[in-house]
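What follows is a single structure, written as structure tokens, with notes after it.
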Amino acid sequence: MLEDEFGREVSGVRVSLTDRCNFDCVYCHNEGLGDTRGPMDPQDDEMSTDDVVRFLEVVSQFDIGKVKFTGGEPMLRDDLTEIIRRTPSSMEVSMTTNGTFLPGRAGALREAGLERVNVSQDALDPDEFAEITKSGAYDRVLEGVEAAVDAGLAPVKLNMVVFEHTAEYVEDMVNHVSENAGLQLQLIEYMPELTGHPEWNIDIQRVHDWLADIADRVETREMHDRNRYFVGDGMVEIVDPVENPTFCANCHRVRVTHEGYLKGCLNRNDDLRSMGEMTREEIRETFRETVANRVPYYGEYLIKENDEWVLNDKYLDAPTTHS
């Protein structure tokens, strides 16, 4: 298994299959690339089926044991089932989706090798859900969650971004998963540095404190040193990467954009490495370089000076590698 100079082993990859999406969520940062949502028709710049599989076969040789397929909306890829079926058997396969295409397809994806899904569900109120996602697909998402559970993809993890628009629904969502053994809840801190609108931000520590008070028990997950709050039949965890050196120090993933760029850090786009028409050996070496050049964003790339996060001087002249 490869590790960077900070001792962080890379055990998983997060692969964006498309930047297309049938939602237009107000908080979306498109896997750290910003608001670059593409048109709905298939695009020539998306990695092909063979591109994705070749990359996964190469990195599996480094004991990469997990792959999460993301988007955009990955279920807009007509070849998604084939990609999952051809993923190396040594890898645990999961996917993040808005859930609208799961009805009628969840079973086939499970048979192809998909093991888990995260479904975006930011509110249990249809009107607020429509306002956040710019879609009227609330009922379809609920059907998708049910289809995933029925297909054996449980526990289904519901993703909820916590910000001004959704904060009042956190308690409802926690109660919802506490009453449904097939569901878990992942509360995701809003990232204004990637999406703008800092006025939408809330203090995520208040949510931690509230959950600690109501939880039946609290456990700490090794990855990201993250707390898990068990409430009734459900489990809730918080993803809070903003200004969080602990989160960065425990990051074990490399990302791949839909165009085939290796991306060592969610927050950075100055370290992209294109796989383009590379051979397998070239992909191996480029992946090695990407891992070797990873640095914790908070605590290394950015450092605290006078209570402000500033760019570490040693990275001021860092080369930009987009090709």
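Quick reminder: no glycine exception, Cβ is built from N, Cα and C everywhere.
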Further binder of GTP named by Swiss-Prot next to Arg14, Thr96, Lys157, Arg253, Val254, Arg255, taken from the candidates Lys68, Lys134: Lys68
C-alpha spacing of Val254 (GTP binding site) relative to Cys248 ([4Fe-4S] cluster 2 binding site), in angstrom: 12
Cα-proximity to Ser120 (S-adenosyl-L-methionine binding site), 10 Å cut-off, over binding-site residues Cys28, Thr96, Lys157, Arg255, Cys265: Thr96, Lys157
Residue from Arg14, Gly72, Val254 whose C-alpha is spatially nearest that of Cys28 ([4Fe-4S] cluster 1 binding site), among the binding-site residues: Gly72
Cα-to-Cα gap, Cys21 ([4Fe-4S] cluster 1 binding site) vs Gly72 (S-adenosyl-L-methionine binding site), nearest whole Å: 5
Mapped DSSP class for Gly72 (S-adenosyl-L-methionine binding site), helix or strand or coil: coil
